[in-house]
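Note sheet for the following structure.
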């Protein structure tokens, strides 16, 4: 047996002979298969165990993520077996490594309509523990429009959010309240007020602030919304605070969401750790109730960061767009968190565009047609500050939320000054871009000139001018080119 032994299959048996038959011989590898428009396509990176042939390993992934088990079973004869089995139709080596990419097609009938939980259970639910593989990573998916249309998609989307807020032509600005844990509800609200009156559009609960003994959720929300309303009255702008509704049960999450709506909040938040079903459920509630939904990708790096095992974040981005979030954290390029330029730009394309072409440079293995589904607003947060504004706008574009937590609250002249510094930086950079200037090259000079009339910006740049997070990324694109499949 190829999977368990020395890589020599021996004499080929009948497909229906009792016992163990190599996955490739059972039809899970088919080099002649031409994927259908309606197939879900997957690209898996894998490292086989010694003695396991790459084609057999790819076939095993196709089998174990669809209909196969470890031995021949007679009940296969009671199904349209060839229709339902996953089909590995191509295996490519990754140059200079011991890794391979398996391209697998799944018939749409294998998946429940409109369910991220079912799709993820099918494709990644069991196969990642398979002993015949040293490692396995789901790199990308092509989700056909036929299946895309079974999902709600973003509760509102980028354009509707801008219309809600009446804010156009620039990135939106936010800040996560710091310290994330330990503040009283009243002091928490003071941070929100200072940041919003200083020029930010949003403030945010962090992923692990829910309802702890030092600050219960209801108390926090009352003070936060008082701060939001006061800042809106003073500035004449629509403002918001991401109220984190993540809780132990869906009943509690709905209770918190309803209270947020009662208080007049334009936005709520949920953590990725709440699970796919909870996220989809809250997205449906948000569309029904006219509330924006922010997703914090808490916990994602436990399975997205490593190069050879887990799930690439571009897959999570696709799933969350289908699930229906309006915002998702997707990397900064220049901040403290993992994400090289090309990977992050690939994530942003996945979230925002209506049609994405395959692009190996950005790590995009497949084309993706979103069938007019609204886009998701990517969020850049984690170790960014006003002095990087030219880089952020150049790399990430304007349909982005830039969140400066420490870069607002850590300002030497206080929270409002930190917010003002960020607002001035984005305004001058957008103006320069609109005037046709090369902001990537001229950005430092543009900021320096703005510092002459903005003491807040000058202090921010002076404080953080020497701060950088120049570490090599653990994951950069090396996609094996995948031809467009018509």
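The backbone N, Cα and C atoms fix where each Cβ goes, and this holds for glycine too.
Of all Cβ atoms in the protein chains displayed, 15 besides its own lie within 10 Å of the Cβ of residue 178 (active site, proton acceptor). In the three-state DSSP scheme, residue 178 (active site, proton acceptor) is classed as coil. Here Swiss-Prot flags 178 (among others) as active site, proton acceptor, drawing on sequence analysis.
Taken from Swiss-Prot, the feature active site, proton acceptor covers 296 (among others), and the record attributes it to sequence analysis. Residue 296 (active site, proton acceptor) carries a strand DSSP state (E or B).
Here Swiss-Prot flags 126, 176, 180, 297, 329, 381 as substrate binding site. Residue density at residue 176 (substrate binding site): 24 other Cβ atoms are found within 10 A of its Cβ, drawing on all protein chains shown.
According to Swiss-Prot, the Mg(2+) binding site annotation covers 204, 206, 207. Cβ environment of residue 206 (Mg(2+) binding site): 176, 177, 178, 180, 181, 244, 296 lie under 8 Å away, each six or more residues apart in the same chain. In three-state terms derived from DSSP, residue 206 (Mg(2+) binding site) belongs to neither a helical nor a strand segment and is classed as coil.
The N6-carboxylysine annotation in Swiss-Prot covers 204 and is backed by sequence analysis. Of all the Cβ atoms in the protein chains shown, 29 others lie within 10 Å of the Cβ of residue 204 (Mg(2+) binding site).
As annotated by Swiss-Prot, site 'Transition state stabilizer' applies to 336, with the evidence given as sequence analysis.
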Quiz item: What is the interatomic distance between the Cα atoms of residue 126 (substrate binding site) and residue 204 (Mg(2+) binding site), given in whole Å?
Solution: 36
Quiz item: Which has the fewest other Cβ atoms within 10 Å: 180, 329, the binding-site residues listed?
Solution: 180
Self-check item: For residue 329 (substrate binding site): DSSP state (helix, strand, coil)
Solution: strand
Self-check item: Spatial separation of residue 297 (substrate binding site) from residue 204 (Mg(2+) binding site) - C-alpha basis, Å
Solution: 14
Quiz item: With the Mg(2+) site defined by 204, 206, 207, which remaining residues of that chain have Cβ atoms positioned within 8 Å of the Cβ centroid?
Solution: 176, 177, 180, 205, 208, 209, 242, 244, 269, 296
